[in-house]
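**Student:** Grabbed the feature section from TrEMBL, which reads as follows:
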- B:29-87: domain 'V-ATPase proteolipid subunit C-like' (DOMAIN)
- B:112-171: domain 'V-ATPase proteolipid subunit C-like' (DOMAIN)
- B:20-46: transmembrane segment (TRANSMEM)
- B:67-87: transmembrane segment (TRANSMEM)
- B:107-134: transmembrane segment (TRANSMEM)
- B:146-171: transmembrane segment (TRANSMEM)
Amino acid sequence: MYGFEALTFNIHSGYLEAIVRGHRSGLLTAADYNNLCQCETLDDIKMHLSATEYGPYLQNEPSPLHTTTIVEKCTVKLVDEFNHMLCQATEPLSTFLEYIRYGHMIDNVVLIVTGTLHERDVQELLEKCHPLGMFDSIASLAVAQNMRELYRLVLVDTPLAPYFSECITSEDLDDMNIEIMRNTLYKAYLEDFYRFCQKLGGATAEIMSDLLSFEADRRAVNITINSIGTELTRDDRRKLYSNFGLLYPYGHEELAICEDIDQVRGVMEKYPPYQSIFSKLAYGESQMLDKAFYEEEVKRLCLSFEQQFHYGVFFSYIRLREQEIRNLMWISECVSQNQKTRVHDSVVFIF
Amino acid sequence: MSTMAVVGASSSWSRAMIQISPYTFSAVGIAIAIGVSVLGAAWGIYITGSSLIGAAIKAPRITSKNLISVIFCEAVAIYGVIVAIILQTKLESVPTSKIYAAESLRAGYAIFASGIIVGFANLVCGLCVGIIGSSCALSDAQNSTLFVKILVIEIFGSALGLFGVIVGIIMSAQATWPSKTA
């Protein structure tokens with residue numbers, strides 16, 4: 001019952017909530033980012049990071065560092081923390097944490113299928129997969145020729161199986177179809193996650209529905225912008241939008257017929273929460289849209305920590321860590337390519 | 001029966017009520033005083049304790065200060081024990097002819113009421129202090145200046161149990177059984 005979670009939440013999840021809040025205090029602050037942005041080489045970055053919580057993970061790396069190594073080790077830290085929480089969680093928190101992984105599973109599946117299409121080696125692709133989204137039979141994805149085989153051979157045993165009902169066709173896999181498959185799977189996953197959170201009720205439902213609605217709306221805008229000028233029809237585009245969120249259903253109607261970015265802006269400015277995002281961009285500019293969306297997402301994720309006794313903090317923490325890893329990757333790339341003036345283009349400060 | 005003339009009972013339910021022995025009411029009152037108080041204290045302690053343990057992993061400095069929250073919850077159980085002991089000293093034997101006299105019933109009801117007052121006041125007090133203690137531990141782990149301010153909230157919360165104890169003891173002072181002489 002909403003309002004009375006405090007009485008029984010701590011029985012099963014009090015310890016884990018306290019742990020996740022402890023991890024949150026270890027996220028890098030603006031001062032850390034300022035230090036990192038002023039580094040000259042990747043070794044400087046490693047030295048600064050060894051004073052933070054990433055220290056134990058980076059200290060054994062040999063000296064000519066690559067940006068991919070830094071990102072990989074930071075991801076290992078995230079995965080360790082996630083697995084630690086997952087083993088100690090009971091139902092329904094354990095199902096909730098598993099849902100967080102499905103998004104990464106979808107990304108990994110699409111990565112391997114696309115890579116196979118472009119004739120890359122399976123082992124190389126497996127190394128690029130996100131560790132949170134690994135599952136047992138992932139390597140056999142390389143064998144499938146079309147979506148029906150993909151489903152029948154591999155995915156029917158995974159938790160992604162129920163999301164495939166909308167996109168099983170016998171067409172061969174090519175770039176366009178794979179993107180459509182990715183977006184259809186992600187749509188089904190978001191709707192499933194949304195329904196699960198609604199079923200949990202209480203503060204979790206309220207906070208998660210806000211975060212997931214923002215995610216669904218952001219994906220709708222990205223799908224629209226990316227499909228302007230491609231051969232994706234309006235109906236196909238419409239089918240890729242999720243069935244919840246602030247933009248559902250009238251915003252989706254309008255987004256489906258947009259043909260350029262200014263029309264998208266016109267649609268989004270009717271919704272006050274998104275108007276503030278789009279007002280930061282000058283007319284005709286779309287490169288900063290990603291960063292504006294990330295900033296808004298980080299703001300909402302941080303707000304979810306203000307309330308106690310709900311599961312939203314776990315979701316928020318994982319997302320904030322991922323944002324931090326993206327920041328570190330961008331800073332490392334800028335430093336290693338000597339483009340330090342562009343560092344602040346894409347770094348989103350969390351605190 | 002003399003009870004009907006004395007109390008003027010009319011419906012069958014009220015007749016049934018006044019034929020329950022006052023000792024039953026007293027015993028149940030004492031049981032509730034201690035039992036429900038301890039329930040409240042235990043509930044509060046586990047709510048605080050689980051958050052405190054998890055938060056202390058990253059911030060070990062918070063453990064000793066935040067044990068105060070656990071002590072406030074424990075105080076709630078102690079109030080229950082004290083009142084239960086006071087109540088049970090108020091029980092006296094009365095001659096059989098006077099068990100259902102009006103004064104005996106009054107004494108029985110007074111002990112029962114005192115027990116319920118103390119039990120439920122301590123239940124909610126324990127819950128209140130426990131939930132605040134959990135938030136206190138988590139906030140202290142992030143920012144140590146918050147501890148004292150949240151402690152003030154907890155002190156107000158633990159006053160609720162004290163109110164219950166005071167009223168309960170006043171109620172139990174009325175538990176005078178009829179004297180042994182006819």
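Every residue, even glycine, has its Cβ placed from backbone N, Cα and C.
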**Student:** Short question: which residues 6 or more past the ends of the transmembrane segment (B:67-87) have a Cβ under 8 Å from it?
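**Tutor:** The answer is 26, 29-30, 33-38, 40-42, 44-45, 48-49, 52, 111, 114-115, 118-119, 122, 125-126, 129-130, 132-134, 136-137, 151, 154-155, 157-158, 161-162, 164-165, 168-169, 172, 175.
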**Student:** Check the domain 'V-ATPase proteolipid subunit C-like' (B:112-171) for me and report the mean pLDDT.
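**Tutor:** Mean pLDDT across the domain 'V-ATPase proteolipid subunit C-like' (B:112-171) comes out at 95.
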**Student:** In the domain 'V-ATPase proteolipid subunit C-like' (B:112-171), how many residues does DSSP put in helix, strand and coil?
**Tutor:** 57 helix, 0 strand, 3 coil
